[in-house]
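K.L.:
As annotated in TrEMBL:
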type	residues	note
COMPBIAS	341-354	compositional bias 'Basic and acidic residues'
DOMAIN	188-274	domain 'DUF6534'
REGION	335-354	region 'Disordered'
TRANSMEM	12-38	transmembrane segment
TRANSMEM	50-75	transmembrane segment
TRANSMEM	95-119	transmembrane segment
TRANSMEM	140-166	transmembrane segment
TRANSMEM	181-204	transmembrane segment
TRANSMEM	216-237	transmembrane segment
TRANSMEM	249-270	transmembrane segment
Amino acid sequence: MSSPSPVHIKDTFGAIFIGALVTMTIYGITTLQAYFYYLSFPQDGIKTKLLVASIWVLDTMHAIFMCHALHHYLIDQFGNAAALRDGTWTVFSSIAINVIMAFIVQWYASCLLECALSDPHSISFFTQRIFKLSPLDRRWWIAGVIGFFVFAHFVFGIQTVVYLFIKKQFARLKEVALTSALPFGVSAIISDITIAAALCMLLRNSRTTFEDTNTVINRLIIFAINRCILTSAMAILETIVFTILPNSFYSLAIDFVIGKLYANSLLAVLNSRARLRSGTTQEESSATEMSLRFNVTSAVANHQTSLLQVRTRDRDRSNIADEEKGDQRIVTVSTTASNHSRKDGRTLDEGLAL
């Protein structure tokens, strides 16, 4: 009877430990995102608030299960190599929680299309949003393809978790690689890419002649692509690592992180609604402010011009009046002087006559 292969701590629980550190950092961001959501959007409907609460609760449970697993392997079973070969229920349950969170985020609208539809009080399924935006001749097959891959991702994920609970040992995960583990990773990649591609295509076809509307649509397209790149890249990396290094736990460490990315992508989209809507609002308000400033400046300038004209007219009138008074004084002085001259003239004549 062959002895069991030794456990390489660096490639197994060392990888899980590093993944746990990264995961807890992202969990802090998730908690902060949830806090900002309830602080910024108190007017949202109860369904949206329950969605955020459920995502945060699931993410918190995942963090608790992950910490319990690390404590079990690195503290409770320290020095017990045989115990490191068997998976604990918290490890398998954490994978199940990630599957559920990915299913919720992929199926729910995530408010990407909600921003464009100006409907902040409703949340519906991602597939339903795409179904409503699609042309009539394309609705069923677009929504059907996306729904198929999202549901396949969920089913293969649950199947993988069930097999893990049955087989218990990490080394036996290779036995279900082709039947559940690899299809689970591939379906996750395809579902993310198809959702992002459908959103980009439908939003691109929704362009109008209005520049502000097209600006919002472009932002939504960029956001959908960024979300797809982040989650799909991690899913591709997890699938490749699991295929190349099946005896290591690097793929499990990546799976710890990918669940947090799904949760953060949902909360980031919800929190970005105000910023996406405020793009055109700020432009309109800036234009309005400039118009108001121009109008106020014009009014002030016109008022100052009117005052200047009035003051000039009053000054001209005052000058004319002063000139008229000056002429009158000159005439009076001239008349007085001539009278004095006549008097003095008569006196001089009289004196000469004498």
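Glycine is treated like the rest: Cβ placed from N, Cα and C.
In terms of burial and nearby residues, how do these features look in this structure?
P.N.:
Averaged over the domain 'DUF6534' (188-274), the predicted model has a pLDDT of 81.
Long-range contacts of the transmembrane segment (140-166) within the same chain, counting only residues at least 6 positions beyond its ends with a Cβ under 8 Å from a Cβ of the stretch, are 87, 89, 91-93, 95-96, 98-99, 102-103, 106-107, 126-128, 130-131, 134, 173, 175-176, 179-181, 183-184, 187-188, 190-191, 194-195, 198.
Residues 102, 106, 112-113, 116, 126, 130, 133-134, 142, 145-146, 149-150, 152-153, 156-157, 159-160, 173, 217, 220-221, 224-225, 227-228, 231-232, 235-236, 238-239, 242-243 of the same chain sit 6 or more residues outside the transmembrane segment (181-204) yet have a Cβ under 8 Å from a Cβ within it.
Beyond its flanks by at least six residues, the transmembrane segment (249-270) meets 11-13, 15-16, 18-20, 22-23, 26-27, 29-30, 33-34, 37, 41, 48, 51-52, 55-56, 58-59, 62, 66, 91, 94-95, 97-98, 101-102, 104-106, 108, 110-112, 170, 223, 227, 230-231, 234-235, 237-239, 241-242 of its own chain at Cβ-Cβ distances under 8 Å.
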K.L.:
Mind tallying the domain 'DUF6534' (188-274) by DSSP state, helix then strand then coil?
P.N.:
76 helix, 0 strand, 11 coil
